[in-house]
Amino acid sequence: MTAIRYEFIKTCKQTGARLGRVHTPHGSFDTPTFMPVGTLATVKTMSPEELKAMDSGIILSNTYHLWLRPGHEIVREAGGLHKFMNWDRAILTDSGGFQVFSLSDFRRIEEEGVHFRNHLNGDKLFLSPEKAMEIQNALGSDIMMAFDECPPFPATFEYMKKSVERTSRWAERCLKAHERPQDQGLFGIVQGGEFEELRRQSAKDLVSMDFPGYAVGGLSVGEPKDIMNRVLEFTTPLLPDNKPRYLMGVGSPDSLIDGAIRGIDMFDCVLPTRIARNGTCMTSEGRLVVKNAKFARDFGPLDPNCDCYTCKNYSRAYIRHLMKCDETFGIRLTSYHNLHFLLNLMEQVRQAIREDRLGDFREEFFEQYGFNKPNAKNF
């Protein structure tokens, strides 16, 4: 019996998007879904109870950061990540690969793994497929990610080809090193940049290894959205229908809808909490920067169409005041609202799939949100 099981429910006749449910050792969640990111075993400024109140069934935490602080052995001694952070629903941990490639100024890639420097103090560190599995096994997440190479965008075909081949070899080593397959599901990560031939090769390699789920990596790294959508169109059909599909690092509302239309089940991104910290809010009418002077005497909610805790209790003027005074409560209120907005958006997406009208929903949402304008402001 595998730790992770995907239950297919239905396909949207209008778009081909899929409705499903992922079953884990810590409960089930409906898909397509958005996963709030709790990098250091906390979703910034949010309590587990608040995340449950907005119906989050799974959150993401970060292997690299927890390895450095507090250390995976301390988390193991605490009884695993769920007990350590008092979260009894599903947790996904990434492999640390993205952080190694994005945070460290110095890195050297070898067949064995990656040498790099700790971004906190400059110490030399080494991360390999085996080490990534050791850390994630200690953390005890429900879904673990294979250690992959995260190439930059753009990259040449030759570079990407070598990178894909190495990622496939590393994936095999991850499977061999994974010590808890009965209670932790390990996902493989399809790479290949914007090259269809390499995506095909990567998917073929990984599907042959029979992972319980698959991620599409190497997107949302600076490429235009039309390239991301095109890559998804030729990549997701290569993945098994009976396994969950996860698009890494994507969290803008338009990309969540477009990803679901292209067969993706799971998304994660720091975007909603990151932009909340500077006062940028997602609303049903588009992007709103609550710090702006025009909201100083606006006593209405952030979003008149939202029923979250923030919108039911606090005004734009009050939240603006908190943000201008650097009060943490302001960040809590905007973070709560943005996370609720995306989780509620995914429920609307699921409902549209149930009703076979996700294409219509997309048009309505894009029109109302302002994504159809010539110079649409994104995040």
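From the backbone N, Cα and C atoms, a Cβ is placed for every residue, glycine too.
It should be emphasised that the depicted structure is a prediction, and the values quoted were computed from it without experimental measurement.
Counting Cβ atoms from all protein chains shown, Gly97 (substrate binding site) has 24 others lying within 10 Å of its own Cβ. Annotated substrate binding site per Swiss-Prot: Asp94, Ser95, Gly96, Gly97, Phe98, Asp148, Gln191, Gly218, in sequence order, evidence recorded as sequence analysis.
Under the heading active site, proton acceptor, Swiss-Prot lists Asp94, citing sequence analysis as support. Counted within 10 Å of its Cβ, the other Cβ atoms near Asp94 (substrate binding site) come to 31, all protein chains included.
Secondary structure counts, DSSP: the region 'RNA binding' (249-255) has 3 helix, 0 strand, 4 coil. Annotated region 'RNA binding' per Swiss-Prot: 249-255 (among others), in sequence order.
Taking the Cβ of Asp268 (active site, nucleophile) as reference, residues of its chain lying under 8 Å away and at least six apart in sequence are, in sequence order, Phe34, Met35, Pro36, Val37, Leu60, Leu92, Tyr246, Met248, Gly249, Val250, Gly251. Swiss-Prot lists Asp268 with the feature active site, nucleophile.
With DSSP states grouped into helix (H, G, I), strand (E, B) and coil, the region 'RNA binding' (273-277) comes out at 4 helix, 0 strand, 1 coil. As annotated by Swiss-Prot, region 'RNA binding' applies to 273-277 (among others), with the evidence given as sequence analysis.
According to Swiss-Prot, the Zn(2+) binding site annotation covers Cys306, Cys308, Cys311, His337. Non-local contacts of Cys306 (Zn(2+) binding site) by the CB criterion (under 8 A, 6+ apart in sequence, same chain) comprise Thr283, Ser284, His337, His340, Phe341, Asn344.
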Surrounding CB atoms that lie within 10 Å of the CB of Phe98 (substrate binding site), all protein chains: 21
Shell list (Zn(2+); ref centroid = CB of Cys306, Cys308, Cys311, His337; cutoff 8 A): Pro301, Leu302, Asp303, Asp307, Tyr309, Thr310, Lys312, Tyr336, His340, Phe341
Gly96, Gly218 as binding-site residues, winner by CB count within 10 A: Gly218
Distance in Å spanning the most remote Cα pair of Asp94, Ser95, Gly96, Gly97, Phe98, Asp148, Gln191, Gly218, given for substrate: 15
DSSP three-state assignment (helix, strand or coil) for Gly218 (substrate binding site): coil
Alpha-carbon spacing, Cys308 (Zn(2+) binding site) to Asp94 (substrate binding site), which is rounded to whole Å: 29
